[in-house]
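Features as listed in TrEMBL:
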- B:26-45: transmembrane segment (TRANSMEM)
- B:51-69: transmembrane segment (TRANSMEM)
- B:76-95: transmembrane segment (TRANSMEM)
- B:101-123: transmembrane segment (TRANSMEM)
- B:130-148: transmembrane segment (TRANSMEM)
- B:184-203: transmembrane segment (TRANSMEM)
- B:234-255: transmembrane segment (TRANSMEM)
- B:261-281: transmembrane segment (TRANSMEM)
- B:288-308: transmembrane segment (TRANSMEM)
- B:320-341: transmembrane segment (TRANSMEM)
Amino acid sequence: MNAFVADKALSSANPSADEDREVLLNVENVSLSFGGVKAITDISFDILKGEIRAIIGPNGAGKTSMLNVINGFYHPQEGTITWQGKVRNKIKPHEAVSQGIARTFQNVALFKGMSTLDNIMAGRSTRMKANIFFQMIWYGAAMREEIEHRKRVEDIIDFLEIQAIRRTPVGKLPYGLQKRVELARALAMEPELLLLDEPMAGMNLEEKEDMSRFIVDVNQEFGTTIALIEHDMGVVMDLSDRVVVLDYGKKIADGRPEEVQANQNVIDAYLGVAH
Amino acid sequence: MIFRTAGQFKTSYEADQALFPIKQDFYLVLGVLLLAYVVFPLTASEFAFKALLVPVLIYSLAALGLNILTGYCGQLSLGTAAFMGVGAYATYKFMSIFPEMNIFVAIFLSGFFSAAVGVAFGLPSLRIKGFYLAIATLAAQFFLVWLFEKWAWLYNYNASGAIEVSTSSVFGITVTGPTALPIVQYYCVLIVVTLVTWFAINLTRGRYGRMWKATRDMDIAAELVGIKLITAKLTAFAVSSYIVGIAGGLLVFFWKGAAEPNLFDIPLSFQILFIAIIGGLGSILGNYLGAILIVALPVVLNLLPNALGIPIDSATLEHLNVMIVGALIIAFLILEPHGLARFYAIIREKLILWPFPY
């Protein structure tokens, strides 16, 4: 883990790099409530193109709700979301996918009855075009398309080192691998912005190291912007370029990992305040 | 040893995604096709055609249709028989309006009618799931059978209220009606079933199959990977009802010869559902295994006591059949929810590794 962490520290030690980056996603004054329960109150932050942006906070802080707002699963009552410079209207999750936003889930949400390969191929459904009659005949357009997408999927399988479980139904895989397949499925969507909801929850140290490596590789090799929710502070502080901290649905801090770490509000939120 | 896959290397994705990636599967299917196309026609009696072979094929086709909806897309339906009825009545109307029409064209066109009706009754699936959807499809079942009875235009204002198949021929061979030979009808059904099965296999292993299975396994995640649930569910309803409609057309025109509305009542729906469950939800092969079991069981039960010299009257046999089928369904739901097809898959896996345990 240490080698790439040092690498990362070097790249983020260069502050001027951030300033020329364009804003990929801008969240402005977003509020979301379910009846009387306020999940998110007046939150604003931005995600720059190419960065790893962490969203942290204690349980119930509204982190997952925030991701759900970003990918169109929840619709905020107030506030605007600007995606690639354009103000985004109310969209459906599948529209978010075609705009380039993919995500993984806190509780693994794979298609349990399908093989690893099929799960990842399902991530490319929106890109496949051959109509139902070509699909019926198979030979010709449907097969060409299938093979073309299979090649892309195989690249991702190689990248995430899951060749051996290609044909295994995902329901039979151990938890760590399921998380990896889920990442593969999200990558198959070739997203601009990848939302990772606790990618390392419930993993052992070795699996966490692997996952961290993959996240950094995805970010650096594919140039994918990543927004990540994670509870492991070591991982968050090492991986992310910038961190936004939520507590009770409000933003309490935003900045570089070392700034956030030193912020008194953040320390209070995590450790509590003496009364 | 028989299923040894060692040495069968794939060097292209095309070969890897072929219909039969393992050679032995190909030979097995070839064997089954030979049996169906050559051996059975040469050996079967008229009784075997009428009571075993043709019903097995038609029931498995209907179960295949239902399986695409219930097994692949996870949408429970109890309206199968009614959709079969739509196919049958549409074929009947085609044949009475255009008597010169090729019967196969009529049947394949009627499929589109049942597909449209299926989509219409599938619309509630966008809002409701599981048992509630089953109740909604039950509405289709009762409404359509009522319609078959009341809408006299459908059965050409017959006094009997039934539809009767007239004689028609293709390339000079009589294929439907009382004078058609059972062997000819068997071949007709077999060709249609083979073709539709091939289409169904291609659909289920491609993009649509993945969309359906994703919807079945976790619909929220499916939506978040970019699958439109409305497309996935409605195409499943359309394809399923299309196949079921064809099966309905075949049922009346190549087997029963005549039909009253109550033929398409709910017992038939249940029978098709049982075939799909016993055979294996989410598999193509299962439909055939299930249909063979469900169709052959009463026939065997009828012949067995006589052969063994045990006198059982036919009413008791009828009850015995119902009891055994009921017990089988409960047993399968508890012991092997994936049905007979899963047994085959397990045996195949074991054979590939044999003589080693793993």
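The backbone N, Cα and C atoms fix where each Cβ goes, glycine too.
Nobody curates TrEMBL annotations by hand; they come from automatic prediction.
Of the candidate ranges B:101-123, B:234-255, B:288-308, B:320-341, B:234-255 has the most C-beta pairs within less than 8 angstroms of the transmembrane segment (B:76-95). Two recorded stretches are said to be in contact when at least 3 C-beta pairs lie under 8 angstroms, sequence spacing 6 or more; the transmembrane segment (B:184-203) and the transmembrane segment (B:51-69) meet this definition. The transmembrane segment (B:130-148) makes no contact with the transmembrane segment (B:320-341), as judged by fewer than three Cβ pairs under 8 Å among residues 6 or more apart in sequence. Listed as Cβ neighbours of the transmembrane segment (B:234-255) (distance under 8 Å, sequence separation of 6 or more from its ends, same chain) are residues 50, 54-55, 57-59, 61-62, 64-66, 68-69, 72-73, 75, 77, 80, 83-88, 90-92, 95, 103, 106-108, 110-119, 121-123, 125-126, 163, 165, 175-176, 185, 188-189, 192, 196, 200, 203, 208, 211-212, 215, 263-264, 272. When the stretches B:101-123, B:261-281, B:320-341 are ranked by Cβ pairs under 8 Å to the transmembrane segment (B:51-69), first place goes to B:261-281.
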